Amino acid sequence: MDIVATTQKELYGWYAYAWAAEPFMVVAVATYIPQLLQSYARQNAVLADDHSQPCDSPPVPFPGDPGVPTDPGIPPNNSLSSSVPWFLRANEIQLLESPDTVHTMKDHKAKPTQPTCVIKFFGIYIDTASFPLYTFSLSVLLQVVVVISMSGAADRGRFRKQLLLFFGIAGALTTGLFVFITPKRYYLGSFLAIVSNAAFGAATVCGNAYLPVLAAGMKDGTTSEEPSEPSTPSDTSKPASRSENTPLLSASGVDYETGESSNTAEIVKIDHRANVSARISGTGVALGYLAGFIVQIISIYLVITTGSTTWSLRLALLIVGVWWLIFQIPVLMWLKPRPGPPLPIKTDPQNHPWTATLDRVTNGGWSYVTYGWKTLLVTFKEARQMKDVALFLVGWFLVSDGITTINSTAVLFAQGELRMSPANLAVMGMLVVISGISGAKLTPLIGGTRASPIKSIVVVVSLAAAVPAYGILGFFFTNIGLKNPWELYVLAVWYGFALGGLNTVCRSTFSMLIPRGKEAVFFSLFSVTDKGSSVLGPLLVGLIVDKTHNLRHAFYLLLVLLITPIGLFLMIDMERGRKEAEYLETVEE
């Protein structure tokens, strides 16, 4: 089947998807949703030692409440001097809305005695800092299930664009609906966070599915001015091109043919498409980060000018949702449907009578769900045959879990322990993004072109492990070890560099260990491992906080998650891994 030529307008439509969605992760998930959920949890909390007594904190005012003054950030009869500059007032208000204590910026260095606050969550009492962590863990679990279940529908058949738009609009609406969530409806806030994060993950995977098709439509690495019509296949018994049925879960965006790799011309063609796909993907990532940067700037201004209250956080999330929704328009107008090939006959539900009813009820949807799960299972079985791939994936599972959980833990620690304002936390998030771009560009240069990729991974993981290790120092020293807000700014730059570098070097190393011609299915497992690991970290951190009521203890867990895989990575033999991959290249699927 011929591929329709990719036009410049269609490419802009794909870029619009990244431009629309990425601010959700950069701004909403990384900065404001954890703050809002923790603030609401504390406002509804009770004392840990007496559940009949609420924690001593008045609710944070926001427009719409009876008796709220014109400036919702400044309560009536405020004892703070009105001469405090506007750029410091955000910090002052954040301290005032702290649920455990009321003190001015002059008392910031003092550590007042704080009661331990807990909130009821599914029938049990948990620490208020655990509430956003459990929420995030549940959201990632749902995201993994949704992504695997819908992968077949987006990769095969006519649903690719429909699913991209559906999940994009669903994510935008659920993010914008945060503006209506008041403190007493904190459970709804948790629900919106779970649904919006799952929608983001599904939309991202749908977007990745377009990469190989768009790259295949650029014959000489350039777009076509006029779209060409696909020709009718002369032999319907032939399998569809690999560029059209690359598994949706592939995070690599690389298109490879399924034929023998011995043909030199075919290899050149494959490498060309890989380069084109990488170029498109890189531009999309850059535009996504730029959009996140712009929305973060807007949100910081909004948060400061509205008083750094929970109302400010909700407005910031509304901006993210509106941004995401508006830029679905160019996606709708410019991106082609790009239908994929039909499901393989062996997955037809008619071969399994007991599923025929389910497939009929879901209008054929059940076939696509089962196809996604079966594809993942086949890939997992193949990976088990390769020792070095298995070692890498286990190490990647732990590292990805640890480095991802650092972000949410740091935000909650900064808000709860260091009393940093939402605006300051947003600045911290921007530093992570900027530094992450630098890390992605510079990490491949570590040790020169002849450096072992395993050594590069060990170096970057060690850099990441320094973040929780530094937090642990706070148990033993009074002036260092995340005792001051400025320390978090420094660690944000350090962490961002490690985060950007880790994703780059791990992806490239994994690509060296897998069989040629099976890159897409193996990268699907790489992607699912990445997403699935993020369920465990927040869950364990939440359990630690519930037990100790001290978020700093979580740094021990994060340190273990990051240093343990170093031993696994050092056990990988790249030469042995390449030989295993070459052997599997000769094995028919």
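Backbone N, Cα and C define each Cβ position, glycine as well.
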Where does the N-linked glycosylation site label fall among ASN275, ASN407, going by Swiss-Prot? ASN275
Is it true that the transmembrane segment (163-183) and the transmembrane segment (525-545) have 3 or more CB pairs under 8 Å, sequence gap of 6 or more? no
Selection from 13-33, 128-148, 187-207, 315-335, 389-409, the stretch that has most Cβ pairs under 8 A to the transmembrane segment (284-304): 13-33
Same-chain Cβ contacts of the transmembrane segment (457-477) under 8 Å, 6 or more residues past its ends? 399, 402-403, 406, 410, 413, 439, 443, 446-447, 483, 487, 491, 494-495, 497-499, 501-502, 505-506, 509, 552, 555-556, 558-559, 562-563, 565-566, 569-570
State, in range form, which of 128-148, 389-409, 426-446, 486-506 has the highest count of Cβ pairs under 8 Å to the transmembrane segment (13-33). 426-446
Give residue numbers and ranges for long-range contacts of the transmembrane segment (554-574): same chain, 6 or more residues beyond its ends, CB-CB under 8 A. 388, 391-392, 394-396, 398-399, 401-403, 405-406, 409, 452-454, 457-458, 461-462, 464-465, 467-469, 471-472, 512-513, 537, 540-541, 544-545
Recorded stretch, among 128-148, 187-207, 389-409, 486-506, maximising Cβ pairs under 8 Å relative to the transmembrane segment (426-446): 486-506
